[in-house]
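Chemist: Just dropping this structure here.
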Amino acid sequence: MRTNTTATVLLAAAVALLLATAARGDGGDGGCGKEDAAAGRDRARARGLKIAAFFSILVCGALGCGLPSLGRHVPALRPDGDVFFLVKAFAAGVILATGFIHILPDAFDNLTDDCLPAGGPWKEFPFAGFGAMVGAIGTLVVDTLATGYFTRALSKKDAATAAAVADEEKQSAAATQQHNHHHNHHVVGDGGGGGEEHEGQVHVHTHATHGHAHGSSALVAAVGEDDKETTLRHRVISQVLELGIVVHSVIIGISLGASQNPETIKPLVVALSFHQMFEGMGLGGCIVQAKFKVRSIVTMVLFFCLTTPVGIAVGVGISSVYNESSPTALVVEGILNSVAAGILIYMALVDLLAEDFMNPRVQSKGKLQLGINLAMLAGAGLMSMLAKWA
């Protein structure tokens, strides 16, 4: 899993570099959109708001991502508790609305913008919808291939362990039989009738214990195997979900950091803080269920919390050359947004909502089933309302 974290870091760096390079305005762009952008410019006020956004988004992301981990200390928030299902459903609704309401419309706007060349293909084909479809299908492929790969690797490891245990049991059984054979001969030599009775007792006791041990081992092995597969599934889900979040978080951060209009930044600070917190709740829930080691948990949480703030810092650094209305920037941002939307929509519907909604615990409790439906609608509704400001 460390390889996946490294890949996520490299992806974030590549997205930031790509946007920074693509957003440089050049003479061929005709200064499209620069007049509107210059209307409310105020560098001093904008800088203060960006600093506030940096820390606000960082803290809210940490709070959201850390909330599910409180289950270790608060019984109500344990992964197998009803409250945890409600929190995850709410967060999944937020992620679903993020894909449908926030990111996908932005992708359509970018790829149909008036600043794009009139003779280009961008207005003749719905590239934003196509990108979302590719993102969803790509996530499905990665999801299934990764799960299959790690499941096969786990099965091979378990098979090797089982073979080693079987060999050890055979050797132990052979040693026990040899010991019993020697002991029985010694007893028979001391007295005929008593020796036969004692030998029978040893024989019955050995087989009863042997059968009991094998029955318990089989039960423990079956439960352990199921738990391993579930944990493995959650690990794949958390890694893929973080990949989708990273792509659009970098874009959001760079766009906010490059803006010089305080009236544009001000509502974004509040909206993105809530957005980061709710999204963090969804990711944090997956991380807790994945049962990562402490080092991996800290790495994933820190990376999630820092992605948007670092994007803001990058945006501030390139603000003097950044032109979000340049054709190249519009195309790159639109494609990345559409793919990110497809990833998040797939993850929310398939890996988060469908999995929890079909969970036997939820299916057996009518009130919990109603509760997670309402929680999902609340999360999607609140995130949709934020689209008015962000």
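From the backbone N, Cα and C atoms, a Cβ is placed for every residue, glycine too.
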Chemist: Compare the topological domain names that Swiss-Prot gives for Lys228 and for Tyr322, and report whether both residues sit on the same side of the membrane.
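Modeler: Going by Swiss-Prot, Lys228 and Tyr322 are on opposing faces of the membrane.
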Chemist: Counting Cβ pairs under 8 Å to the transmembrane segment (125-145), which of 51-71, 268-288, 297-317, 330-350 comes out on top?
Modeler: 330-350
Chemist: How about long-range neighbours of the transmembrane segment (370-390): same chain, 6 or more residues beyond its ends, C-beta under 8 Å?
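Modeler: The answer is 82, 85-94, 96-98, 101-102, 267-268, 270-272, 274-275, 278, 353, 356-357, 362.
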Chemist: To which of the glycosylation sites Asn110, Asn323 does the lowest count of other Cβ atoms within 10 Å belong?
Modeler: Asn323
Chemist: Which residues, given as numbers and ranges, are at least 6 beyond the ends of the topological domain 'Cytoplasmic' (351-369) yet have a Cβ under 8 Å from it?
Modeler: 80, 82, 85-86, 88-89, 91-92, 95-96, 143, 237, 240-241, 282, 286, 376
Chemist: Have the transmembrane segment (330-350) and the transmembrane segment (51-71) got at least three CB pairs under 8 Å, pairs 6 or more apart in sequence?
Modeler: no
Chemist: Would you kindly list the residues that approach the transmembrane segment (297-317) from elsewhere in its chain, counting only those six or more residues past its ends and only Cβ-Cβ distances under 8 Å?
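Modeler: Here the qualifying positions are 5, 8-9, 12, 16, 20, 47, 50, 53-55, 57-58, 61-62, 65-66, 69, 238, 242, 245-246, 249-259, 272, 276, 280, 283-284, 287.
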Chemist: Which residues, given as numbers and ranges, are at least 6 beyond the ends of the transmembrane segment (83-103) yet have a Cβ under 8 Å from it?
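Modeler: Distant contacts of the transmembrane segment (83-103): 64, 67-68, 71, 76-77, 241, 248, 275, 278-279, 281-283, 285, 337-338, 340-345, 347-349, 352-353, 356, 359, 361-362, 368, 371-373, 375-384, 386-387, 390.
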